[in-house]
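Engineer: This is the structure I want to talk about, given as structure tokens.
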Amino acid sequence: MASVYIPVQNSEEEVGVALDQLPRDASDILDILKAEQAPLDLWLIIAREYFKQGKIDQFRQILEEGSSPEIDDYYADVRYERIAILNALGAYYSYLGKIETKQREKEEHFILATQYYNKASRIDMHEPSTWVGKGQLLLAKGEVDQASAAFKIVLDGDHDNVPALLGQACVEFNRGRYTDSLDLYKRALQVYPNCPAAVRLGIGLCRYKLGQFEKAQQAFERVLQLDPENVEALVALAIMDLRTNEATGIRKGMVKMQRAFEIYPYCAMALNYLANHFFFTGQHFLVEQLTETALAVTNHGPTKSHSYYNLARSYHSKGDYDKAGVYYMASVKEVNKPHEFVFPYYGLGQVQIKLGDFKSALSNFEKVLEVYPDNCETLKALGHIYVQLGQTDKGQDFIRKATKIDPRDAQAFLELGELLILSDTGAALDTFKTARTLFKKGGQEVPIELLNNIGVLQFERGEFELAQQTFKEALGDGIWVSFINEEKKPSIDVATSTLQFKDMQLFHDLESNGQHVEVPWDKVTVLFNLARLLEQLNESGTGSILYRLILFKYPDYIDAYLRLAAIAKARNNILLSIELVNDALKVNDKCPNALSMLGELELKNDDWVKAKETLRAASDATDGKDSYATLSLGNWNYFAAVRNEKRNPKLEATHLEKSKELYTRVLIQHSSNLYAANGAAVVLAEKGHFDVSKDVFTQVQEAASGSVFVQMPDVWINLAHVYFAQGNFTLAVKMYQNCLRKFYYNTDSQILLYLARTHYEAEQWQDCIKTLLRAIHLAPSNYTLRFDAGVAMQKFSASTLQKAKRTADEVRATVAELQNAVRVFSQLSAASNLHIHGFDEKKIDTHVGYCNHLLSAAKVHLEAAEREEQQVRQRQELARQVALAEEARRKAEEQRKFQMERRKQEDELKRVQQQEEHFKRVKEQWKSSTHSKRRERSDDEEGGTGEKKRRKGGKRRKKDKHSKSRYDTEEPENDMMDEQEMEDEETDINYREEPQTLTNDEAEENAQGLLAAAGLEDSDADEDAAAPSSSIARRRQALSESDDDEPLQRQSSLVRENSADMQLSDGEIRDGDKTNGDDASD
Amino acid sequence: MKLGGIKSVENAHDDSVWAVTWVPATANRPSLLLTGSLDETVRLWRSDDLVLDRTNTGHCLGVASVAAHPLGSIAASSSLDSFVRVFDVDSNATIATLEAPPSEVWQMRFDPKGAILAVAGGGSASVKLWDTSTWEIIATLSIPRPEGPKPTDKSGSKKFVLSVAWSPDGKRLACGSMDGTISVFDVPRAKFLHHLEGHFMPVRSLVYSPYDPRLLFTASDDGNVHMYDAEGKALIGTMSGHASWVLCVDVSPDGAAIATGSSDRSVRLWDLSMRASVQTMSNHSDQVWGVAFRPPGGSDVRGGRLASVSDDKSISLYDYS
């Protein structure tokens, strides 16, 4: 081991000091040095030796002593050594300042260093080493340009000053001019080939930065050859190994990194990389330790940023978003420009999304996007944020861009689809399908949520088979399979329990049989949707089992209770339905859906007051934001306005006003709420604004066609009502019929009743009666329908009898119809002994009486009509005979052409007269002759007149009657008559005229007389009919008051049902989305 | 098992066809199809070509039900005016006109031996039994009034009897009503036995299995067909699938299948061993009011036949195998 020898003053002796045996206490040496006035270079050597041995305090003690003022005085002429000592101190403090992390102390160190260098400069301005030192100090302080100036001063003096070259290289490196830096390093190496490994490290780094990885690697390896413990080179090599991104490379890299760590445990870079590695291996504890150490040992911005980032990531993955956010933020703060290190921005953005701070997240992701404009993840995240911020369109754009950049990113398609659900279900479905295909292609399992969404969309579009397949795919294998598949009946008979809506025995039995009844949480929604679909496919039995399966495992699933209740309700099992809803309310007594449904059931049970309270509660539970509850209340008020038979106009008006207000409130909240619009239009119609309400109804009707969840037959009926009220019977009939066919499979007797009323009003009696008979057939126990049928028959008969011109057949039909009416009424009268129908016996008896009265009148009419018919027949026969006679006469005339005797004409006349008398006899015979012939003819003739008549308005009819009928009957005769027979004809006509007018008079008298009496009754009867059944009324005014009401009322109740369904299904979709939303934000 | 369409007659009636039954074969002729319609006529058709044999008139208001005596010689038809006309199938001579006011007339069925005609009495909440030799009422099977505090307006019309069915041994009679309850009677003792619960909407048609006197099939407006053990008061099974009311049900002579007609315009065939719908015929364009399997016997043993009638005025005939 080397030693230094301190010459003893004034002697030839020297004190040998072995450098490896320097005393622990530097004062010993100092004493010697001072005592012997040893040359300053010895001081320096000893101090450096202390430094090398890590004895920093001793090193500083010696140098500080060596630079003290007394030394300056004593060694005033020894300039170089003094400068060297000062520079050593300056370098030392520069280093201290560089590694110091606390800002204040760091600056103190730098100040000290600066003082020493300045002192050195004062000794000699041009000493290059001082400048080099200054340059290094400036570099450490980050003042790159000044450092460069310092180095330049040295290099101007000496091109090959190695330290300056190195310093300048460092400056260029920091400036990012790696080529220049590399040149400088190279020059330094040429000048001083034995320079320390660090120079080669610089070369390696430059090459690395320049992308010349192989050469960089060579350089680093050379460094390691020279200095096997060079941490930087090890780290650099390790990073290069890691960069290969292959398992072997990473392993090699990690080995090197670990060695570097073992050599020097405070290299921040190595720590960061190790932490990074342990993050991926999931050892979060190590990550935190390493990064904390790294943070403690470095103040280099980017490195710290890395460390913070690692730490944040660790917390992020552990779900500690608050901490993660703090560290991301710290990491971001260390980064000057996002370009340098963009990851923490991304992480920060993610955490901010999690914490709900979308605005900040937005700006962070946008920064990421600046750096990586095509990064799918960022685009997706941005899309997600915009959606959360309510800017759906923008969100869609971003995600669409993401799908375009990477058309194989199933996740992006998934998110895009979710966005499209709201606006364009068709496109959403396509997108989801693409996502599904991508997942399948990629060999990944298709997420259940995706399949669920596809299924729901297919369901919504009415593709039930497909939807069922999709749901089944989503569910996969499980206990439910045995319930769904009919082929594989489970050991326990499912069917028996389909009706026991609350029966869970089935599942208990299955469990006790050793079968595992399990429903994974993520499949509940799908199961629910499948059950809902089965309901739609009329497999409500299976659906009910699935709902119960859900409840068996998840007894808090309110929607399942509600659907079960809905099934029970569809089967008309109201009590059970109420029970089920109450079960749902046990889970959550504020659930607005359940409350609404309960309210509706109570209405169905005719429990008005209770229903109102329940609906109120539902409305309160949502702060009036739930439009359904508000709507129901509106409906309630509407019913209240119109339900009472004995109207209280004041109450009615207030109720109507209230319902209108409620509908309007809903419309304000949701301008596109069909049901509210419908309700508002009903109120409008109620007030007589038919045109406006018609417009609204039409719009609602258009809007309602499209989704399976929106079934609004009510609006069709309402439209028909409006047409009816406006007198457009043909359209009304069409509308009713379409509605009946489209929505009710022709099973709704109520609509048939509306239809019958329209026919009645349009005076299409037969159609009216047929329609009523159909209605009776559908609803046999509805006695009001019979009553109405009776009234229609009566009305038909009366109107036929009132007609001036009718055939015996018509009258006969009338009589038959009257007999039917009498029978219907008397049956009703008998039945009303048994039951209460809402109309009393007396009224029916009046009708019976009136019908009987009509019947007896009709008999007279019948006789008259028959008589008239005979006369017509006689006339026709006569005409025919006359025609024959004429023929004969013409023939005779031809014969007489030869004779040209005029006298014979008189004979001819006589003959004709004789013939006529003969005809009269024939006439008598005809009376008893076959009827069939007669009927045919009269039909033909009467058909024409009848038709003409029908076209006439009612009022004009009577006035026209005489002239018209006469004209009609006379016409054919006139045509055939000869002048010669005018005489006869006249008498004939007179003869005929007499009874005819008589009949007419009689008819009129009868009709007027009787109907004057009955007229009162007639209108009375109508009112009777209107009161209980709201079916038949003539006055249009009455229509808006009484008739229309009940139909409308019924409709509105339908409205409720429908919207209940809709809401529930909405709920499903929402459910699906919710899970998805969560996933997405993950 | 399978249904194959043989023949359909469009406009078989002038209006909706509401009722159908097979008149069993007699020594002189094969079995005939009997239909009743809203057009107030009853028509007889020869199978398999569905040639119109005769049109019976005389009813007022629509013909709602037809029934044929098991021997095939006489039949009954009834209309909404609650008259029952009993007539000789081959001569159309009126044998009797029955009415029992204030009781209405809905579905009618002859008992398996042909001694009694059971008539569902609508709002009278009873079934009238007519002796087929004297045409006198021999018994009125009344559904007991439900015990409750208020037998008022609502519950009053609920026990409205719509449909009747005889057990194959003729000892039991079941009737379905508007409120969905099914009542079972002991016929020899003219006694009400019990209700069968499960439906809450009108039961318009019900039929006993030809082999199992306990097994009863019911069709209801709730869209389901139920299978009951009529003696044990137990619901054995439910078959759902129709989209609307199930209006009619009939069981095949071999007892292995049932056919149903529904407002959803379809006729469905159900395999009882699988308790599932095996075939759906959708040739009708409106509600299917009646389905009827041809009873076995007679000269033509060419296999099973099923007939269906509908509001679309048509009659359809299918081969059942």
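Every residue, even glycine, has its Cβ placed from backbone N, Cα and C.
Marked as repeat 'TPR' by TrEMBL: A:197-230, A:342-375, A:376-409, A:713-746. What TrEMBL records for A:895-926, A:1067-1082 is compositional bias 'Basic and acidic residues'. What TrEMBL records for A:895-1082 is region 'Disordered'. Taken from TrEMBL, the feature compositional bias 'Basic residues' covers A:948-964. Positions annotated as compositional bias 'Acidic residues' by TrEMBL: A:970-988. Residues annotated as compositional bias 'Polar residues' in TrEMBL: A:1049-1062.
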Engineer: DSSP helix, strand and coil counts for the repeat 'TPR' (A:713-746)?
Structural biologist: 29 helix, 0 strand, 5 coil
Engineer: Apart from its near flanks, which chain residues at least 6 from the ends of the repeat 'TPR' (A:376-409) lie with a Cβ under 8 angstroms of it?
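Structural biologist: Beyond its ends, the repeat 'TPR' (A:376-409) has Cβ neighbours at 346, 349-350, 353, 358-359, 361-362, 365-366, 368-369, 415-416, 419-420, 422-423, 431, 438, 441-442, 1080-1081.
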Engineer: For the repeat 'TPR' (A:197-230), report the average pLDDT of the model, please.
Structural biologist: 79
Engineer: Who are the chain neighbours of the repeat 'TPR' (A:342-375) in space, where the CB to CB distance is under 8 Å and they lie at least 6 residues beyond its ends?
Structural biologist: 305, 308-309, 312-313, 316, 321-322, 324-325, 328-329, 331-332, 335, 381-382, 384-386, 388-389, 405, 1081
Engineer: Looking only at the repeat 'TPR' (A:342-375), what are its DSSP counts of helix, strand and coil residues?
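Structural biologist: Counting residues per DSSP class in the repeat 'TPR' (A:342-375), I get 27 helix, 0 strand, 7 coil.
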